[in-house]
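Per TrEMBL, these features apply:
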- LYS25, ARG91, LYS92, LYS95, GLU117, ASP118, VAL119, ILE120, THR121, SER122, GLY123, LYS124, SER125: 5-phospho-alpha-D-ribose 1-diphosphate binding site (BINDING)
- THR121, ARG149: orotate binding site (BINDING)
- 235-440: domain 'Orotidine 5'-phosphate decarboxylase' (DOMAIN)
Amino acid sequence: MENKKDFFLECYQLGIIKFGRFTLKSGIESPFYVDLRPLASDPKILKRLANYLLDMLPLDNFDLICGVPYAALPMATAMSLESFLPLIIKRKEAKEYGTKKMLEGIFQKGQNCLLVEDVITSGKSLLETIPEIENEGISVSDIVVVLDRQQGGKEMLESKGYRVHTLFTISEVCTILKEEGHLSDDEVARIHDFLEGNEVKFEEKKRPTYEQKLESAEHSVAKKLLEISIEKKSNLIASADVITTQELLDFAEKVGPHIVALKTHIDIITDFDPDKTILPLKDLATKYNFLLMEDRKFADIGNTQELQFSYGIYKISNWADFVTSHVIGGYDSLDCFLNVGVVAILGMSSKGTLTDKNYQEEALKVAQSHPNVIGGVSQKQLPEELLLFTPGVNLSDSGDGKGQQYNTPEHVFRNLQTDFMIVGRGIYRADDVEKAALRYKIAGWNAYLESL
Ligand code: BMP
């Protein structure tokens, strides 16, 4: 089987743990929030999860399997399908009519049932569930849990004689996320304080508003983008990944009123013509007040990039307001992008990207020091002086089957403090493109306001 850390990181991409400041049911403020329900929406992950859980267990001990409702129900079902252990279902409330049974399915007194739970905190809810099963004459010896929040639940149940098997602990998860650069030292320290029962000090530092960013922005393109954002109440960049001039112009006409920039991959336009493609596109950009972002992702030595930027059929330097570029060619390779802004590719959104922690740190140093750079493309928070552009945003999908990994606007604004979200298929594949653009614009702006 693949390694458990990689598996966890894939689960994490589904948004199962959020870090910040959350008020729990008990009224306590927690620096993290766990919700494993999204795991059930990805069948491949759910199946692998079932096998990870089964691998930890003495399966011969069990006659039945049961999930604690609701989050663990799909997990228990998947485990049953993978192991052929018969599933029984525990109700949350007894039926008011008919049999009034708490347990549904086929079982006999004296059988031993494996109990499945998604998250264990204090263990209180398990302690309430177990007697309801035992009252039916079924014994429970083992409980398997996906994530232990390490707040005493496991120890409490073990002291009562139950064996508790946990796949991940919150400490383990923090170590993985810190190694991968998703959590800072401060956040990890706060989580440890919380787990040890100490009072947690939440930073009151807020993300800067677009107005504050505008005050400190130095590059003219960064300023222009922020001004448009404030004026249009939008942080949406629509990605026009279409392949004909007509589609591109139609798309720009529909999304124009709602976006701050239109992102192009100009080399996928099959009938490119500077007069028929670029001139009307520039007119639309003026009419609707948006910038043109060419997602060329330059990745060569400075001299070649200079030629690619200004020559060939696309002559990007004639019309793009800003471009994306890898920084793999080093600091000097970015000198050629005079008069446009550069968005440095620091970390990509695709599965298995080679932009690892070390690469991102080095790339960030180049981005921070080069005067042509206005920001970066990343799936992580960036220092305040850079604008963060985050692709891989979709309101309804978690991936595209080709490696793209999606997040919601809430995630990218709250957890990454992004400045601009980039949306492609979420908009251009929608039945009503204009409506979709407006929907994303509103979702992005609300997520930004909530992140302040
Ligand atoms: P979509 O929302 O349809 O997945 O499109 C995302 C767009 O952002 C694509 O044009 C892609 O080339 C670009 N992109 C990305 O998805 N991930 C990155 O890390 C960098 C990108 O530029």
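Here the Cβ of each residue, glycine as well, is placed from N, Cα and C on the backbone.
THR121 (5-phospho-alpha-D-ribose 1-diphosphate binding site) sits 5 Å from ARG149 (orotate binding site), counting Cα to Cα. When Cβ atoms from all protein chains are considered, those within 10 Å of THR121 (5-phospho-alpha-D-ribose 1-diphosphate binding site) total 21, not counting its own. Measuring Cα to Cα from ARG149 (orotate binding site), the binding-site residues that fall within 10 Å are VAL119, out of LYS25, GLU117, VAL119, SER125.
When other Cβ atoms within 10 Å of the Cβ of ARG149 (orotate binding site) are tallied across all protein chains shown, the result is 21. A sphere of 10 angstroms centred on the C-beta of GLY123 (5-phospho-alpha-D-ribose 1-diphosphate binding site) encloses 25 other C-beta atoms. Mean pLDDT for the domain 'Orotidine 5'-phosphate decarboxylase' (235-440) in this predicted model: 96. Under the three-state DSSP scheme, SER125 (5-phospho-alpha-D-ribose 1-diphosphate binding site) falls in the helix class.
Long-range Cβ contacts of SER125 (5-phospho-alpha-D-ribose 1-diphosphate binding site) within its own chain (separation 6+, distance under 8 Å): VAL68. Other Cβ atoms within 10 Å of the Cβ of VAL119 (5-phospho-alpha-D-ribose 1-diphosphate binding site), summed over all protein chains shown, number 21.
Non-local neighbourhood of GLU117 (5-phospho-alpha-D-ribose 1-diphosphate binding site): GLY67, VAL68, ALA72, LEU126, ILE143, VAL144, VAL145, VAL146, each in the same chain, at least six residues away, with C-beta under 8 Å from its C-beta. For LYS25 (5-phospho-alpha-D-ribose 1-diphosphate binding site), the count of additional Cβ atoms within 10 Å of its Cβ stands at 6 [all protein chains shown].
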